[in-house]
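S.K.: The transmembrane segment annotation in TrEMBL covers B:27-44, B:56-75, B:82-100, B:106-129, B:136-157, B:177-201, B:222-240, B:246-263, B:293-316, B:331-358.
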Amino acid sequence: MNTILEMRGITKTFPGVKALDNVNLSVREGEIHALIGENGAGKSTLMKVLSGVYPHGSYEGDIRFRGAPVAVRGIADSETLGIVIIHQELALVPLLSITENLFLGNERARGGVIDWTAATLRARDLLRTVGLSDPPETPITDLGVGKQQLVEIAKALSKEVKLLILDEPTASLNESDSDALLALLLRFKAQGIASILISHKLNEIAKVADRVTILRDGTTVETLDCHDAPISQDRIIKGMVGRDLADRYPRRAGTPGEILFEVEGWSADHPIHPGRRVVKDIDLHVRRGEVVGIAGLMGAGRTEFAMSLFGRSYGRNIRGTARLNGRAIDVSTIRRAMDSGLAYATEDRKHYGLVLDNDIRHNVTLANLDGVAKAGVIHHEREIEVANDFRRRLRIRCSSVFQETVNLSGGNQQKVVLSKWLFADPQVLILDEPTRGIDVGAKYEIYTIVNQLVAEGRGVILISSELPELLGVADRIYVMNEGALVAEMPAAEASQERIMHAIMSGGAAGARPADGTGPREYPQ
Amino acid sequence: MSAELNLPARPRDASPAKFLKSHMRDYGMLISLLAIVAFFQYMTDGTLLQPLNLTNLVLQNSYIVIMALGMLLVIVAGHIDLSVGSIVGFIGALAAILMVQFNLHFLPTALICLAAGGLIGAAQGYWVAYFRIPSFIVTLAGMLVFRGLSLALLAGQSVGPFPVEFQRLSSGFIPDVFATGGFHLTTLLLCVATPAILIGLSVATRLRRHRFAIEQEPLPLFVAKSAGLFAAMAGIGWLLASYKGLPNVLIIMALLIGLYAFVTRDTTIGRRVYALGGNEKAAKLSGIDTRRLSFYTFVNMGVLAALAGLIFAARLNTATPKAGVSFELDVIAACFIGGASASGGVGRVTGAVIGAFIMGVMNNGMSILGIGIDWQQVIKGLVLLAAVCFDVYNKGKA
């Protein structure tokens with residue numbers, strides 16, 4: 001098979017840091033090539049070199065595309081070549097329609113006047129190719145994340161793509177949407193379009209990839225061919241972290257104690273559509289020293305439940321009681337919920353978790369400024385001491401605690417968010433997708449932190465879309481679907497199949513999931 | 001929590017040149033101010049820094065500086081306040097009516113006026129914070145409303161003059177306890193003691209930080225900066241002392257600058273305002289009452305605008321319907337020149353003060369040189385643009 005892309009000896013230096021050191025990557029025509037590595041290993045930098053975000057000349061090394069050397073100076077250049085990158089954060093304009101987004105910057109126009117008929121027809125074609133049935137005039141905001149991802153891919157197709165780069169496309173998709181997307185990649189492959197797939201989800205890579213290139217610390221570790229021999233996940237992990245992870249989930253000693261936290265009859269309505277019940281009559285409890293998982297599909301109402309519980313930060317018309325140590329607590333504002341011993345670490349660390357312009361130190365103390373202040377005056381040295389302490393305990397990788405959080409990798413940002421809540425010293429900590437988009441090594445460290453928390457007698461509620469994680473970390477798992485809890489099982493008796501089964505049968509009564517992104521098919 | 005191994009290896013203080021480069025943003029504006037002062041000092045053949053002119057410079061800019069302190073908080077919180085110029089006019093009018101027409105003593109008048117400023121700020125802040133109406137729109141409305149109200153209050157006339165005690169707010173000088181006559185010794189002593197105390201405090205901080213192995217300004221730079229601060233303040237003191245001494249308003253201004261620098265840097269309230277402007281949602285989810293905080297930044301702005309209104313009226317010794325027109329632009333420009341970010345979360349009190357003085361020195365210097373008001377505005381506009389470009393460029397490089 002011919003090689004479509006050959007990157008040789010790519011070295012990219014930022015002031016003081018060598019982000020890429022002599023990296024090689026070769027992609028064959030019509031293959032799905034997985035690119036994996038820990039956060040900060042250099043995957044995104046390499047793709048930015050390829051797509052021209054870092055122009056030719058700002059790095060060393062050669063790129064050959066379809067046999068000819070190329071000097072990419074900008075995104076426009078790479079798109080002309082047929083290299084299209086789809087970023088993790090989708091680049092769609094929410095209030096414009098699908099058609100308008102598809103042809104943004106590339107309008108079907110003559111002399112500056114848009115030919116809407118041609119555009120709509122072409123849009124319809126493209127949408128059919130990616131399997132999206134919504135009308136082309138639908139605004140992007142009305143689509144779920146899964147469908148938005150498809151629109152991005154359709155946009156790439158409109159540019160006569162030869163090589164498609166997807167940066168963690170399934171990070172925010174549920175299983176069925178992820179499967180649909182992977183199936184689409186396989187279809188492209190059949191049509192001869194090559195893809196580079198950056199992903200942290202090893203099972204997906206095992207499913208679709210032809211070859212895997214592993215990066216570590218800015219260098220190529222190896223390229224494995226999946227057809228020679230099936231590659232085990234352990235093999236990949238070993239390559240990524242440079243060591244064997246004996247167990248992906250650290251073991252925990254001790255058994256849960258008495259009931260610490262209870263919620264009874266908790267309900268909440270949609271903030272904009274009054275009367276639309278999003279969280280329905282939830283009863284749950286957490287024991288001292290217990291990790292309680294909440295499983296469910298995207299849009300099942302798990303985040304909505306957690307946020308409505310945490311100081312009514314979501315929804316309206318919220319009812320129900322919360323009890324800590326058997327006594328009813330006031331969670332009507334975020335401040336009161338925190339004072340009652342609750343904390344909620346968000347799933348969206350960039351928008352809801354961190355003040356990105358501020359350094360690690362200021363973010364760590366934000367939720368408990370009084371802990372480093374006397375009579376409202378901040379004790380700066382004490383604050384630095386606190387930040388350094390968390391830096392050490394949570395192994396936050398940074399140049400110092402004065403580094404702005406915007407420059408940290410995802411895993412380290414997540415650790416800063418966790419530090420913030422640990423410093424607030426809650427009794428019950430709700431973690432919403434704490435390991436989304438972060439690499440295996442950092443995940444392990446975060447699980448270790450969770451274990452420490454419960455060992456101290458706290459309770460943890462873990463919301464996660466990754467079933468293996470729930471099975472590996474939680475003591476007990478609740479299953480949520482369409483706003484209600486539909487099952488509860490000890491982790492020892494749970495399995496991915498049982499959880500999915502609970503979702504399917506529990507949700508069947510309510511027919512179609514809210515935004516159509518629900519289970520279409522369910523991998524057995 | 002123990003202070004064991006958790007500290008990073010003791011950082012060697014960076015070389016001065018390197019440190020300067022990475023903190024260009026912080027030093028750039030100060031250097032610009034010094035350069036501008038030097039430029040006009042030369043161009044005006046030394047008129048700029050003559051005792052009389054220096055005193056005038058302080059008097060002319062006091063109200064802009066005072067409002068810039070409040071505006072900085074508003075901007076850092078992610079808002080803007082366009083109404084301050086109109087509030088200056090309105091409060092001046094209110095003070096005039098109370099003192100001239102109702103013969104009220106100046107103290108209750110001042111208190112009423114400050115309270116009125118707070119109420120005006122509260123009224124605007126209420127819509128911004130609790131109804132989420134963009135501050136640009138609310139304060140644009142306020143700008144029209146209070147300009148109109150000051151016209152209405154004064155019935156289109158100028159009202160004055162004010163009682164002498166009130167005029168002293170702006171045109172008075174502190175008494176010389178030594179009464180040596182001629183040279184104002186108290187002024188000089190204050191101007192020597194203040195920087196000495198400030199430097200003493202920062203040496204203490206430095207030592208404390210050194211114990212915690214926190215990276216800080218390299219020693220040569222610190223010494224140079226401290227010496228510069230001392231020389232500048234003592235020099236200004238010398239000059240002012242050889243005229244009439246420290247103006248009362250300079251004392252008010254200095255105290256307020258110190259207070260706001262402290263609040264923004266060292267208090268939980270200040271920190272929360274920065275978090276609010278940096279990421280409102282994250283701040284809110286961290287238990288910060290973001291609405292109340294926004295509300296109070298406007299109340300604070302209103303009070304400071306009222307104080308500026310009183311000082312301005314006292315200085316003119318009359319209240320006119322046009323008082324304070326376009327002050328908001330000078331105040332906002334001072335904050336942005338001083339490095340505040342239009343998207344919130346970034347900005348410093350010292351920066352805003354320096355920004356205000358950059359504008360003030362240029363106004364004063366160009367007037368001495370006889371440059372017309374037309375070209376003055378052109379130049380000031382370009383300087384604002386250049387300052388912000390410099391900031392953005394530096395940020396991009398970092």
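The backbone N, Cα and C atoms fix where each Cβ goes, and this holds for glycine too.
Note that TrEMBL annotation is computational and uncurated.
Relative to the rest of the structure, where do these features sit?
M.R.: A Cβ distance under 8 Å defines the sequence-distant neighbours of the transmembrane segment (B:27-44), meaning residues of its chain 6+ beyond its ends; these are 20, 337-339, 351, 354-355, 357-358, 361-362, 364-365, 368-369, 387, 390, 394.
Within the chain carrying the transmembrane segment (B:56-75), a Cβ under 8 angstroms from the stretch's Cβ atoms is held by residues 48, 81, 84, 88, 135, 170-171, 247, 249-250, 252-253, 256-257, 260, 264, 273, 277, 297-298, 300-301, 303-305, 307-309, 311-312, 315, 327, 330-332, 334-336, 338, 340-342, 344, 347-349, 351-353, 355-357, 359-361, 363-364, all 6 or more beyond its ends.
Beyond its flanks by at least six residues, the transmembrane segment (B:82-100) meets 63, 67, 70-71, 106, 108-110, 112-113, 116-117, 120, 124, 136, 139-147, 149-150, 153-154, 159-163, 166, 301-302, 305-306, 308-310, 312-313, 316, 318-329, 331-332 of its own chain at Cβ-Cβ distances under 8 Å.
Counting residues 6+ beyond its ends, the transmembrane segment (B:136-157) has Cβ neighbours under 8 Å at 80-83, 85-87, 89-90, 92-94, 96-97, 120, 123-124, 127-128, 319-321, 323, 325, 328 in the same chain.
Under 8 Å from some Cβ of the transmembrane segment (B:177-201) lie the Cβ atoms of residues 226, 229-230, 233-234, 236-238, 240-246, 254, all in the same chain and six or more residues away from its ends.
Distant neighbours of the transmembrane segment (B:222-240): 49-51, 54-55, 184, 187-188, 190-192, 194-196, 198-199, 202, 206, 216, 246-247; these residues of the same chain sit at least 6 beyond its ends, with a Cβ under 8 Å from one of its Cβ atoms.
Packing against the transmembrane segment (B:331-358) from elsewhere in the chain are residues 25-26, 29-30, 32-33, 36, 61, 64-65, 67-69, 71-72, 75-80, 82, 84-85, 257, 260-261, 264-265, 274-279, 380, 383-384, 387-388, 391: each is 6 or more residues past its ends and has a CB under 8 Å from a CB in it.
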S.K.: Hey, which bits of the same chain come close to the transmembrane segment (B:106-129), Cβ under 8 Å, at least six residues off its ends?
M.R.: 79, 81, 83, 87, 90-91, 94-95, 98-99, 135, 138-139, 142, 146, 162-163, 165-166, 169, 291-307, 309-310
S.K.: Near the transmembrane segment (B:246-263), which residues from the same chain, at least 6 beyond its ends, have a CB less than 8 A from one of its CBs?
M.R.: 55, 58-59, 62, 65-66, 69, 72-73, 168-174, 184, 186-187, 190-191, 194, 237, 240, 269-270, 304, 307, 311, 349-350, 353
